[in-house]
Every structure is written in structure tokens, then in C-alpha cells.
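Chemist: Right, I'll just put the structure down here and ask away after.
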There are 2 protein chains.
Amino acid sequence: MLLQMEVNRLDFYIGLSLAVSSSVFIGASFILKKKGLLRLASKGSMRAGQGGYAYLKEWLWWAGLISMGTGEAANFAAYAFAPATLVTPLGALSVLVSAVLSSYFLNERLNVHGKIGCLLCVLGSTVMVIHAPQEEEVSSLTSMAEKLRDPGFIVFAVCVVGSSLVLIFAVAPRFGQRNVLVYILICSVIGSLSVSCVKGLGIGIKELFAGTAVLKEPLFWSLIICLVICVSIQISYLNKALDIFNTSIVTPIYYVFFTTSVMACSAILFKEWLSMTTDEVVGTISGFLTIILGIFLLHAYKDITFSWDSLPLYLRKGPQVFTLTWSQRVSPGSSESVPVCLG
Amino acid sequence: MLLQMEVNRLDFYIGLSLAVSSSVFIGASFILKKKGLLRLASKGSMRAGQGGYAYLKEWLWWAGLISMGTGEAANFAAYAFAPATLVTPLGALSVLVSAVLSSYFLNERLNVHGKIGCLLCVLGSTVMVIHAPQEEEVSSLTSMAEKLRDPGFIVFAVCVVGSSLVLIFAVAPRFGQRNVLVYILICSVIGSLSVSCVKGLGIGIKELFAGTAVLKEPLFWSLIICLVICVSIQISYLNKALDIFNTSIVTPIYYVFFTTSVMACSAILFKEWLSMTTDEVVGTISGFLTIILGIFLLHAYKDITFSWDSLPLYLRKGPQVFTLTWSQRVSPGSSESVPVCLG
């Protein structure tokens, strides 16, 4: 029993480090892809958002895809070792990595808000890691199959498939180009199924290494097929969203919707919340909300430059002059400087 | 043993509710006092910051003092039931109450940052409450006397008294009017001693109700004398700081310095951190940092009006016009509106 707990704890730390390193790769992939798409746009090719596929010829886009692939593989492995309620929210760190890299490679300067947002992401993630359930909920493909047959999960899966079909065929053609939520909702809702498949496959592969004949089980192959379908849909719609809208709006909204949807799915499928104390549940939710606020700050005020210089304002008396500078990243030439006299 | 734990848990909840209700009174007291001082300033009396004592004739200032007294009494009682590491940081809620009341009674509008800051204070406090040590460290005046005789604490107390004497007699006359930190540092450093006295007295009064003859102990009376001296110094310097500088800069800085100083003192005196697990220590620190960031947001951008209208900026394409409004509370007539065209 004590040995089993030790193994669980080791698994937890392996899963944790895989999740963190996957965030680095995924964060970098957003920047590479965006740089590739921007380069294509400057060449005048037909854009992904309008149905073009020219991005397949751009090596930067492929580098992004490979980085994302590596990240997703690490993420995949992380799910086999640690609970989804821990791994998915840690994706926030990829937002942080992408924010820091943006400031270097896409000339998007990180302002005071961005820095506070990054700190909040780290603090929220820390609190979530402390509170996340440490025990593995499923340890074999057979027990996974049982969980998948649970009526609660079947209802959830039917709702997910139904709502994404409605979004893809009825809503996306009409509102997809104007409203950023449509494409992101499709990715997020489908994403909860991908994570379930990944979790099942990860456990299957772990069993395979342990010598079980999982390759003969039809469930293993159905999970692979389901995963390929889900991930293709996700990649396609995430590309469309990234091409039409700013990375700084796509990334945070995608994070919030995707994580919420995975946590809901994980709660229904693995019922990991039932074994948690009230304190742990409250702590996990507080951590998640802190991350969301951090991501909001990181992105919502990204185009307004606040410097520390404007802060000691309140420490002085009498008339004060301070300057705020706005700059828009898409057209970096158009920054304006507005001196304002107060008092 | 089990019964003892139940009693400890009950004590913890009593202390928690006392701490929360004290925050409401103390938060309100800041607003009442500030309103009183503002009314005096408009009458042209000599200001507290310049050495005047006209505020003693203003009933609003007295209402503020009574509200603060009630709050401090609840706070006092809270220290007798729950550890200082929990009670002091919950003072953040008084900052929240004062921010919300400011927006009603001092016409200081709460912007988006303020709302995020309030949420962060609540989240950070929640995380701290979950992780704070639940056991009482000291249960009798005799054991308190032992802790006070600890060499570590004696060194700390000497440093506190020495540094506050230097601040009061050497630094304050020269820099007090220009630098907001001077008066606040005096209050905060002295505050750590007040809290220790309060903790000791609270335990003494609990013992008194239980029938112990604490009134004969010289320690009880020395604690009262020490508390009266410390609190008088604190009130006097907090008044000076509040009169010269904006509430929105005094409150957050005072919170951060005072809480840090109390936590340091409590850690040295009660060594409550030694019985905590790594997770609890990390959680407590994360919660405290989250509160600090929340308080920073609540106050640093208070004079800049951000509305939700300026946010969907990134969802639109093409040239955009948005408006930011600055307004300074001290002279409410001088607000300016600056339309800026981007793109």
C-alpha cells in the first residue's frame, strides 16, 4: 500500500514535468505558426481563414506544427501519468511562454499588465498543482472501457458531438468570420473528447510496455481513430481562428473554453472530484480562476503600453504630466504618443 | 485528543468570522476618516500632516475612529482564536470593503482593474484560509511569556524598536512629507509589536474567563501598556500619511508592509511555519502574493477609467476609435477625455 503510494507520487511528478515541458513546445508553436501565416499574408497568398491551404508550403508553419507535435506528445504522455484536472490547466504555462516569446519574436512588448498576468498564471498554476488529486483514477484499458460505458459519459459525448455538428454546419458558415467564439468553441468542445482518447491511449501504451496484449483490443484502435478525427477538426478550426483573429485574443479564449470543457469531461468520466476534500475543490477552483484573471490581464490590455513611469503619479502633488503610448502590433508604424496634463 | 481537535476547529472558525467582520468595520473606517479630513480641508483648518489637531472636532472623524475601534476589537478577539498568519492577511478584505465603499461615498469609480483586483483579493484570501495553520500555537500566558523570552524574538524586538526610533527622529522630519513610505514604515514596523501584544492579551482574557488569576501577573499589565504606546504611535502616523497622500496609495502599501511585518514577527515568535508542510507554505505564499497583486491592480490604475467598451477592440478589424478618460479624485472637475485613433 505504501509502495503503491510512492509509485503514484512518482507518476505524479513525471506527469507534472511532462506537462510543463509540453507547455514550452506548444507555446513556441503558436509563435512559429503565426509568423508563418504572417509571412504568407505579406506574400499575398489566399488566407487560411478564406479557405486557402497555401500555409502547407511555408516551412515556418511546419516548424510550428512539429513543435506543437512534440508538445502534444509530451502532453499525451503527461495524461498517462497525472490526472487531466492537473495536466489541462497547466496549459496556461503555454500561454505564458507564448506571451514571453511574442515579445521577442513578434515585437509584441509585454507591458506591466502582461507581467502581472504572467505572475498570476504561475501563482494560479502553483495552487492548482498543490490541490490536484494525486491518485490515478484509471489504471487499465478494461477499467477505461467500463468508465466509457457509464450512462453519464454517454449523455455527455452525445451532447458534445451534437453541439459541434450544429456549430460546424449551421453557425460557422454564417458567423465564423465575425465572431471569434465560434471556431474556438468547436475546438474546445471537440477537445474534451480528444483528451479522453489520449488518456485512454496513454494507459493502453503503458499496459503495452508492461506486456499486456492491448493491440488485440478493439477499444485501443477505436480510440486512435476517434483521436485522429478529433485532432484534425481541432487543427483545422484553430488555424482558421488564428488566421482571422489576433493570437492575443485566440489564445486566452481557447485556453479558458478548452480547459473548462476538459475539466467537465474529466469530472464526468473519472469522477476524480468525488475523492477530493472541500478544501481541495475550493483550492483547485481558486487556482483556475486566478489563472483565468492572469490570462485576461496578459491579453486584454496588450495593445496599450503602460510603463512603470506612469505609476508614481500618486506619490507626487501638484500638476503632473504623464504619457501613455498606444501601439498596434499589426501596423507597428502607427504608434501614437499622447501627453496629458492632470491637476 | 479528537475532542481537542474539534475545539481547535471551532476556535478557527470563530477567529475566521471575527477577522472577516473586523475587515468590514476597518474598511468603513478609512472612508469615514478620509471624508472627515476632506471636510476639514475644505473648511481651511490646519491639516494633520502639518501638525494640526483640528480633526479632533470633526464628528465624521470620530465615527471613523469608533468604526475602527469596533473593527480592531473584533480583530483583537480574532487573534485570540486563530493564528496571526491567518488573521493579518485577511485584512486585505478591508481594502476591498474600502474600495467598494469609496466608489459609493467618495465618488471614486471602480474600473475593470479594480474589479479584477477585488476578485484576486478574494481568491488569494481563500487560498490563504485553506492553507493557514489551524492549530493554536499558544494557549496560556505562561507559555506566551516563555516565547517572549526566546533570544530570536528579543533580537527582533530590539531591531523593531531601534529602526522605528531612527525612522521617527531622523528620517520622518526630513522625508516624511515627500515620501509616502516613511510614515507607513513606522506604522507597519510598530504594528508587528502591537499584534504580538494583542495576541498575548487575547490569550490572557480567555484565561481570565476560564478562572485563572491573570490580573495578578505583571506580564498582562506590561502587554497593555506596550499595546497602548504602540497603537497611539500607529494612529498618529497613519493619520499623517492619510492626510498628505491619497487613500488609494496609503491603504495598499500599508497592507503589504504591515502584513509582511506581522507575518515575520509571528514566524519568529510562534514558529508556526515549522509545523506546516511544504504544500501549505507554498500555498500560503501564493495566496499572499495573489492578494498583493490584487491590491496593486485595485489601486495603481485607479485614476484611469477603463470601461468594458474598450475591450472588444481586438475583435474588430480596420481603424478603431476608443476613448480613455482620466479623472483625478482630489479635484473632480479636471477630468479629461482623450479620443485616440488607432490603425
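For all residues, glycine too, the Cβ spot is worked out from N, Cα and C.
Just lifted these from TrEMBL, have a look:
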- B:12-32: transmembrane segment (TRANSMEM)
- B:53-70: transmembrane segment (TRANSMEM)
- B:76-104: transmembrane segment (TRANSMEM)
- B:116-133: transmembrane segment (TRANSMEM)
- B:153-173: transmembrane segment (TRANSMEM)
- B:180-204: transmembrane segment (TRANSMEM)
- B:219-237: transmembrane segment (TRANSMEM)
- B:249-269: transmembrane segment (TRANSMEM)
- B:281-301: transmembrane segment (TRANSMEM)
Chemist: Might you confirm whether the transmembrane segment (B:153-173) is in contact with the transmembrane segment (B:76-104), defined here as three or more C-beta pairs under 8 A between residues 6 or more apart in sequence?
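Modeler: Contact absent: fewer than 3 Cβ pairs fall under 8 Å.
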Chemist: The transmembrane segment (B:180-204): which same-chain residues, six or more beyond its ends, come within Cβ distance under 8 Å?
Modeler: 75-77, 79-81, 84, 88, 138-141, 144, 148, 157, 160-161, 163-164, 167-168, 171-172, 214, 217, 219-220, 223-224, 226-227, 230-231, 233-234, 237-238, 240-241, 244-245, 249-250, 253-254, 257-258, 260-262, 264-266, 269
Chemist: Should anything in the same chain at least six residues away from the transmembrane segment (B:281-301) have a Cβ under 8 Å from its Cβ atoms, list it; otherwise answer none.
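Modeler: Same-chain contacts beyond the ends: 85, 89, 92, 95-96, 99, 111, 113-114, 116-121, 123-128, 130-132, 248-249, 251-252, 255-256, 259, 263, 273.
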Chemist: As a test: from B:12-32, B:116-133, B:153-173, B:249-269, pick the stretch that has the greatest number of Cβ pairs under 8 Å with the transmembrane segment (B:219-237).
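Modeler: Against the transmembrane segment (B:219-237), the leading stretch is B:153-173.
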Chemist: Looking only at residues six or more beyond either end of the transmembrane segment (B:153-173), which have a C-beta under 8 A from one in the stretch?
Modeler: 147, 182-183, 185-186, 189-190, 192-193, 233, 237, 264-265, 268-269
Chemist: Same chain, outside the transmembrane segment (B:116-133) by at least 6, Cβ under 8 Å from its Cβ: which residues?
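Modeler: Answer is 16, 82-83, 85-86, 89-90, 92-93, 95-96, 99-100, 110, 272-273, 275-276, 279-281, 283-284, 286-299.
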